[in-house]
Structure formats: structure tokens, C-alpha cells
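Per TrEMBL, transmembrane segment is recorded for 20-42, 63-84, 90-112, 151-169, 181-202, 247-265, 286-309, 357-375, 387-406.
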Amino acid sequence: MILGGTMSKRCKLEDPSGFILFPLVVHSFDLVISSIGVLSIRGTRNASVKSPMEDPMAILQKGYSITIVLAVLTFGASTRWMLYTEQAPSAWFNFALCGLVGIMTAYAFVWITKYYTDYKYEPVRSLALASSTGHGTNIIAGVSLGLESTALPVLVISVAIVSAFWLGQTSGLVDESGNPIGGLFGTAVATMGMLSTAGYVLTMDMFGPIADNAGGIVEMSQQPESVREITDLLDAVGNTTKATTKGFAIGSAALASFLLFSAYMDEVSTFSQEALTQVDIAIPEVFVGGLLGSMLIFLFSAWACSAVGRTAQEVVNEVRRQFIERPGIMEYKEKPDYGRCVAIVASASLREMIKPGALAIISPMVVGVVFRILGYYTGQPLLGAKVVAAMLMFATVSGILMALFLNTAGGAWDNAKKYIETGVLGGKGSECHKAAVTGDTVGDPFKDTAGPSLHVLIKMLATITLVMAPIFL
């Protein structure tokens with residue numbers, strides 16, 4: 001909305017309200033089309049006739065396809081309605097194409113993540129096969145799968161950012177001196193396009209934990225094996241949809257952080273009355289800022305994973321203590337003390353996140369102030385702001401790659417285990433299954449703690465640097 005407002009002011013448009021209110025209209029349509037997509041999900045299986053189980057992912061995918069088609073139509077209509085101006089009659093069409101770029105990016109992300117985490121495809125099956133030779137090979141295969149899975153999404157994001165920026169630049173909107181200025185707004189529109197199906201994607205995300213909990217209840221209430229088979233299949237699909245949403249979130253975070261980065265540069269220019277249009281990495285201090293930004297991501301991930309490890313040890317010790325004190329638990333004669341375990345996990349989750357959270361908030365401020373002072377004494381104005389800009393840039397790039405790696409590797413390990421549990425490679429209880437469980441245990445802090453926290457970290461770094469910009473000058 002801010003970008004739309006500033007751009008229409010610079011273009012001297014008579015009525016800027018369309019450009020300012022455009023995001024609200026797009027997201028209002030999102031609620032409508034996502035609801036239609038969700039309501040269109042219908043199983044085709046007849047309960048009275050014993051037929052093979054449908055693939056839940058295919059049903060969800062069908063709903064998503066309907067939502068995508070509606071998103072393209074409503075997005076095109078919104079751009080024509082809100083972004084049409086007499087000065088640049090074809091600009092709305094360029095912005096509609098930017099939206100289409102965003103929507104296609106979202107679809108590509110969903111598809112790529114599905115390929116790497118669903119056990120119908122080669123990557124997870126080869127990971128399951130690696131489990132048959134032991135725990136070590138499972139871990140090696142999982143890590144390499146995660147590393148490989150960063151390539152395609154990065155290519156997709158790169159194409160999206162460049163093409164959306166270019167479409168915006170050529171939209172025909174120019175400032176007083178005739179320079180095209182629609183590029184950033186084009187990228188913003190692409191981000192909105194990507195998020196124009198957010199309602200449906202979040203619905204798919206919620207599917208994961210619900211299916212997972214259902215599986216847990218089925219197991220604890222000792223339901224017959226046939227029931228567990230159904231919830232296992234749903235759980236495996238839930239792992240894929242959770243990974244998909246995380247991929248989607250990281251894609252939109254990448255596009256959005258590009259915009260926030262430009263906003264930061266603009267703000268620094270406004271406050272300092274000096275134009276800051278580019279950051280030169282060849283200046284040693286600026287390069288150091290970049291290094292610190294990349295390091296921040298790795299240190300943050302390390303602290304998040306070790307927090308999970310420490311808490312898991314506490315829980316294991318508590319469970320062992322209960323088994324010794326109450327031997328009847330395994331025979332279902334005595335009830336375990338669930339409260340103790342829940343209390344350990346809940347208190348640790350709050351306590352352990354203080355350190356990583358403080359790191360994310362304090363480090364950009366410290367770096368900015370230290371280099372501001374250094375710049376003052378070495379006669380380099382704006383050094384603090386430039387170093388923080390580099391820090392933000394590098395942290396965003398490393399964060400995107402790290403989050404993609406952690407999310408996909410974790411989801412793939414989990415589904416490799418699920419794949420073996422369907423009866424292949426020796427099935428449940430086999431040595432192969434034990435190795436897959438090790439992989440799944442490693443994957444949990446990857447996909448459920450460090451990975452998702454990085455999305456928040458990337459956006460928070462951008463916001464903190466934006467808010468704190470005046471203290472770096």
C-alpha cells in the first residue's frame with residue numbers, strides 16, 4: 001500500500017486510491033476464492049462399496065487448481081478495476097501479468113516441494129532405500145536431498161523477481177523527469193499474486209497437524225490396524241502439505257524481503273538527505289556486515305536445534321523415570337503422568353527461545369551502531385546504514401537457502417519413514433525402519449523448529465532494520 005501510494009504521488013496521478021487500496025481488494029478476493037476452493041473438495045469414493053483408497057493429495061491438489069484458476073481471473077479483474085489510469089492505459093495489463101508471475105511462482109513452489117517430500121516420487125524413495133544400509137547412510141541421503149532441493153526454488157524466485165520488476169518498469173508509469181518507476185510496485189504485485197491463494201494454502205497446512213493428532217489418538221486408543229493405515233496415509237500427505245506451506249512461506253518471504261530492503265534504502269535516503277541507491281560490497285566494512293548477516297542465520301539455526309535436543313533429553317529422562325516408578329504403564333494398568341512431560345516441553349519452548357530471539361533483535365542494532373561510530377571516525381558517512389544493508393541482504397539470501405534445506409530435508413525424512421511403514425523394505429520394526437526413525441528424529445527440529453523460525457527471522461530482520469534505520473545514521 002505504501003509503495004502504491006508513493007509511486008502514484010511521484011507519477012502525479014489524479015486519483016491514487018486505487019493503487020493504495022489494491023492489496024485489500026486482492027486479499028478480500030483471496031478469502032472468497034479460497035473458500036470456494038475449500039468447499040469444492042469432495043471425495044469421490046462410495047462408502048458402501050469397498051473400493052481402493054483415493055489419494056488425498058490428489059483431492060487437495062484439485063481444490064488448489066480450482067483456487068488458482070479463480071485467482072487468475074479475480075486478480076486480472078482487480079488490476080483492471082483498481083490500477084487503470086489515463087496516463088498509462090496499458091499499465092494495468094502489465095501489473096496483471098506481474099500477478100500471474102506470482103501465482104505461477106506459488107504453484108511452482110507447491111509442485112517442487114511435493115516432488116521432494118511425497119513418497120510417490122523418486123527422492124523420498126531413494127532416501128528410504130538408503131535406510132536399508134543403516135542409520136548413517138539415511139542421514140547422508142537426507143542431508144544431500146535437502147541441499148539439492150534448494151536449487152529449483154531459487155531459480156523460480158530469481159525468474160519471478162526479475163520478470164516482475166521488468167514488467168513493472170515497462171508498464172509506462174513515469175515520474176516527472178520521464179524515468180520509469182513501476183519496477184518495485186511490479187514486484188509487490190507479484191508478491192500479492194503469490195499470496196492471492198494464501199487462504200487455501202494455509203488450509204492445506206492445518207490439514208497436517210490434524211491428521212498427525214488423529215493418528216496419535218488412533219494409536220493410543222488401540223484401534224484396529226485398518227484404521228491406523230488410513231490415518232498413516234493422511235499423515236504422510238499432511239507432512240507434504242506442511243512442507244509445501246513452508247516452501248510457499250519462504251518464497252513469499254523472499255519476494256517481500258526484496259521490497260522491504262528497497263524500503264530500507266529509501267528510508268535511509270529520506271532521513272540522511274543523501275541518496276543511498278546501492279550498496280558496494282567491495283568496501284571491506286560492508287563485506288564484513290554481509291558475513292555477519294550470513295553467520296546470524298547459521299547461529300540462530302544452531303541454537304534452535306540444540307534447544308530441541310536438550311528438551312528432548314529432559315523428556316526422555318522423565319519418561320524413563322516414570323517407567324521405573326510405574327511399571328504398569330506399558331501394560332495399560334497405570335496411567336502415566338502426562339502433565340509432567342507437557343510442562344517440561346511448554347516451559348522449555350518459552351525459555352529456550354529467549355536466546356535466539358535476543359540474537360535476532362540485538363545483533364543488527366549493535367552492528368549498525370558500532371559501524372556508525374567507526375564511520376564517524378574514519379570519515380565515511382552512512383557506513384552504519386550500508387553495513388546493516390549488507391547484513392540484511394546476506395542474511396535474507398542465506399536464510400532462504402537454509403530454510404528451504406531444513407524444511408525439505410525434514411519432510412523427506414518423515415515421509416521416508418512413512419513409506420517404509422507401508423510395508424516396503426521390511427516394514428515396521430525392521431532394521432531399515434529403525435534407521436528411518438533416526439532420520440525422522442533428526443528431521444523434526446529441522447522442519448518444525450529451525451526451518452519455520454527462519455521465515456520469521458528474515459521478515460523480522462527486515463522490519464527491525466527499517467524501524468531502527470535512524471540510529472544507524
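Every residue, even glycine, has its Cβ placed from backbone N, Cα and C.
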Positions whose Cβ lies under 8 angstroms from the transmembrane segment (63-84), at least six residues beyond its ends: 18-19, 21-22, 25-26, 29-30, 32-34, 36-38, 40-41, 91-93, 95-96, 99-100, 103, 106-107, 110, 189, 193, 196-197, 200-201, 204
Interface present between the transmembrane segment (20-42) and the transmembrane segment (247-265) (three or more C-beta pairs under 8 A): no
Selected stretch (most C-beta pairs under 8 A with the transmembrane segment (387-406)) from 20-42, 90-112, 181-202, 286-309: 286-309
